[in-house]
Amino acid sequence: MWVPMKDPSIKIFNTAKRSDIREDSVSNRTPSHIKPGKVAAPYKVFMPEKLLDPHRLFGGSYGLCSYRLYSFQATKIFMIDVLVHTVGLYFFAKGFLLSRRVLEKSSACSRPLLPGFPRYESPHLQSTQSGCWMPRSFDKAVILVIDALRYDFAVPPAPQSSGKDAYQPFHNALTILHEKATQEPQNAVLFPFIADPPTTTLQRLKGLTTGTLPTFIEAGANFAGSALLEDNLVTQLQNAGKRLVHLGDDTWTKLFPSQFLPNLSRAYDSFLVADLHTVDQGVEEHLIPLINHHQDEWDVIFGHFLGVDHVGHRFGPAHPEMSKKLKDMDRVITDVVNSIDENTLLVVLGDHGMDKHGNHGGETEDEVQATLWMYTQRRYFGHLLVHPQELASYLNKSAVYQIDIVPTLSLLLGIPIPFNSLGSPIKEAFLGAAGDNWGQLVRAYMLSFAQIERFHQEYSIAEENARHAEEHNHTNFLRYIPGEELDFQDQEILKTLYHELCDYQGKILQRYKSIWVQFNMAHIIEGLVILLSGAVALLLRVCAWDQCNLIPSASSRTIKMGTAAFIAIYLIHIAIVKPEKSRMSDGVIVGATMSSITLFICQFHLFGIIRVSTKSQMPTSWDIMAIALTILLSIGFASNSYTVWENQTVLTFLATFGICTILMSNRTLDRRKNMLGALLSISFMVLVRMVSLSPYCREEQLPSCVTTYHRLGNTMGWRLLIPYLIAILIPMATRIAFGSDLISQDLGVWAWFHIGMPMALCFNTVYWSLDSANRIGWLEGRHSNMLSKWLHIFFSQSTLVIAIAGSGMALTSKWTTIMNPVRYNMIITTFVLVISIWVSSPMGGGSLSILYFQILSLRKLLNHSRNYTIGPTIAAFLGTLHFFSTGHNATLSSIQWEAAYILSHDLSYPWSPLLVILNTFAGPIVAAFLIPLIITRDGNTRGMHPVAKSYAIHVLVYSVWALSAAVWASVLRRHLMLYAIFCPRFLMAGALLLIIDVIAIIISLITAVNTK
């Protein structure tokens, strides 16, 4: 035992009896060469025999230092960790998650597109009265957005289709789009409408109105839309004097707060997923009267229906409710078709699609393939020479990008193309009804080309990496113009020019897609270095955890080293990051973080302490297993296959641990203990296997995986029995595992374990039973809707109130003020378990219950082990396993947004986001809170020192995984599956690391506050 000298926190032991003292000869008991702040050289001291055990150093009522001081110091260490991890993740994300520069310039009729660019139109066209840049084709427009309108919702199934293309409930429900496009091809056109991921509604609306591409980091703003400042279609319409009306999704009013007529517009809350009809009925109620009776009061109507998207989120696409909703949309579109005149353009489009579960994150073809349908009462649209019988097949193959709608609508309505648009006009809208108006088509493409070229010139000035984009110049296309006058009668020249313009615009679009995936390697390296340094510092601290003073006062030497590290890191940051791309504060943050880590490592000469400690105590087999499992999973993040099948990898590792516990259970002479250990090991493995029986498969796992997990809102049949089993088994298991610890005369403690917790679980059971009954239709009737809403709110909120009140009474009782770590943490962990079950679906709650039983088995398996490494490591693996088993994957589309409405039918901030977070990470959160039950031993009333160390190991495991996910994501940043696999896994790892950091702070802080 090495004791820091001249530290005021050290107490001299003079109360021990002589029989408890072991005397060894010593020399130079207080060496003169020891300086303050340093560690004494190896020497012996008079010390009680039982205190020489490092695992009991802080375990008795008397110890080398105040236990409360120790607990507060552990809290400070975890606070330092969360700051270091936050800074590291911030800088890595800043360099890795893509963003683009937004140009604030805007297009105008009076401004020439390019200097010297030929004008083929009359001068009077440079106004909004008859058209800007090009004569307008329509005076009015009705633009209807049907959220999540997937393309196959609008077309009939293919003949003799099978598999996923076989007949589904959504087929032949929305028929008018395909019928009009095939029967009246000059009046209507239908296309697959390809969205650029991510396919969140806010990003899609930005793309549909600006014509630009989204970047990954913008997806996080899907629930916090703010006014759109860059040039866009809506603002250009307003500038042209158009009277705009909005009906439906309130996201439009957040993006365009002042562009719509307030007396005619109607906005509805877009996040009430459980409400399938209110928004759609509101749009329909106002849309038809506006067209029929108020046609002189508006020029463009934007209607946004949400019912299809909400049905998908709640039931999935293959559900009878989807057929009903699509038939409603068919009826509304038919009414609009019969109401508009020849000067009005009708556009029906989907902003994105959905996968087979009703989610949309932008990873699969079904999620990015939406529908575009344009209709007019007059013969207007043209097609290239196609036989009428081949028209349907031609339309299916003629997919258009969503950004193409921006220049198309701009030119059709006679307004300038928004400045940032990279889209190309849709050719069918400019070919003419006969399909031979090549002159008008080339005019449209030359205007679009000029706009893209102007954007490229401005963007090249702002961004250096755009300067070497396609080196085409607009003069390349003027070689066909003798005397600056293009012969619009020469069909061959026009066709050649059209194809060259298409080729150029396609190349420039691809070039900017590659530009906007440029990574800032300086920030990526800084983030990785900070994460690596933080992990190393935490590892060193774990190895030296048994030091009395966890955070010693800094010596002058360590302060000098920290200052030198700050200056060096700051100068390196300035050298590798260009000043115009990095704020000075970034360098200060990086320098301060790295200097703090340096200071932390240098204090107490941690390397010397670890060298001595490793000589005195070699790693055990459990230590080696914990290290090996952690590293093996980290290496797996380098492979897309291992990352996709991570749930099976974790399952294999836990099964390996179970086999090892069976082998280790045979080492004692007590046959009864051996038999009990073997039974517990087998039960642990059986529970692991049970969890694997309900997977929620991601797209990349198909067809090798079959989803049997039913999410929120899709729980039917025998799965309704799961909440009832939970309400019975969890209280029973708690009483069996902690029977002697639950004996108390205190009313609050007794009430929580015998009344409060069982009652909360029973109320949760009733809540989910009513929810499922409502979805099945058992509560249909005149008053069922109101009754269902009231009962949902009552039982859901009652579950929360009972859990908070019951556990609060138990925690503040006199009984828990006696610092028994087993009893105190039982209250905290059971409260967290109940709340996590409450926010999860019945199958998710069943998975969390299995996690609880596994932790109880693990507690008994490790009850007589003096190793504190394997427990928190296996807890991290169990948390990861139950992240997947609760219906989640490392994908954006697997987030269960329905959890936001468990407490109320309306969104409430910040509670709704917190509920979604708790639902998503319920497995790791519950596993982390259950760690004290694994570590604290029966009969040990002062065993919280190992708990603090175990949380440090738990945090270290997650930090290694986060570092590994970040490293491999950066190394594989050009991988085809970067945004489908590696980037979401990094986001998951980073979020989990910060959550575990916070849990460690909470537990250590509660322990410190309640320690006498």
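Any Cβ shown, glycine's included, is placed from N, Cα and C.
Which of 70-86, 444-460, 648-664, 682-698 counts as transmembrane segment depends on TrEMBL, and there it is 648-664. Between the transmembrane segment (947-970) and the transmembrane segment (750-770) there are fewer than 3 Cβ pairs closer than 8 Å, counting only residues 6 or more apart in sequence, so the two stretches are not in contact. The stretches the transmembrane segment (622-642) and the transmembrane segment (976-1009) meet in space: the count of Cβ pairs below 8 angstroms, excluding pairs fewer than 6 apart in sequence, reaches at least three.
Sequence-remote contacts of a segment are chain residues at least 6 beyond its ends whose Cβ falls under 8 Å from one of its Cβ atoms, and for the transmembrane segment (914-935) they are 821-822, 825-826, 828-829, 832-833, 835-836, 839-840, 844, 847-848, 851-852, 855-856, 858-859, 862, 868, 871-872, 875-876, 878-886, 888, 895-897, 899-900, 902-903, 943-944, 946-947, 950-951, 954, 991-992, 995-996, 999-1000, 1003.
Outside the transmembrane segment (976-1009), and at least 6 residues removed from its termini, the chain residues within Cβ reach (under 8 Å) are 68, 71-72, 74-75, 78-79, 81-82, 85-86, 89, 93, 96-97, 197, 216, 362-363, 637, 640, 643-644, 646, 700, 821, 825, 828, 883, 890-892, 917, 921, 924-925, 928-929, 931-932, 944, 947-948, 951-952, 954-955, 958-959, 961-962, 964-966, 968-969.
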